[in-house]
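Working notes, structure below.
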């Protein structure tokens, strides 16, 4: 059986617009198994690297291709005793090259070390 690749043409000049539209167009198709890949074509002013990164992000979110480290983090709350956002940035800086790895980052003392 031949793989099905979904093609969509865009003319976006803002990365966020391309990301939202492409994810809405293609995300459900990937998750529901109706296609095996995607091909984004953007005629706007965006750098082609942005289009490629968007496509890889959608493929990763659809669990079709893992191409980067995935981070899962709590948003932080009153029980967080340190600056969670700074910690996330530091963790990403030293682990972003670990393709396919999922890293959970928790800031809540309830889920942390016990005495």
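Just so you know, glycine gets a Cβ as well, placed from its N, Cα and C.
So that you can see what the record holds, here are the features copied from TrEMBL:
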| type | residues | note |
| --- | --- | --- |
| DOMAIN | 70-113 | domain 'IspG C-terminal' |
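Same-chain residues lying 6+ beyond the ends of the domain 'IspG C-terminal' (70-113) with a Cβ under 8 Å from its Cβ atoms: 60. Summed and averaged per residue, pLDDT over the domain 'IspG C-terminal' (70-113) gives 83.
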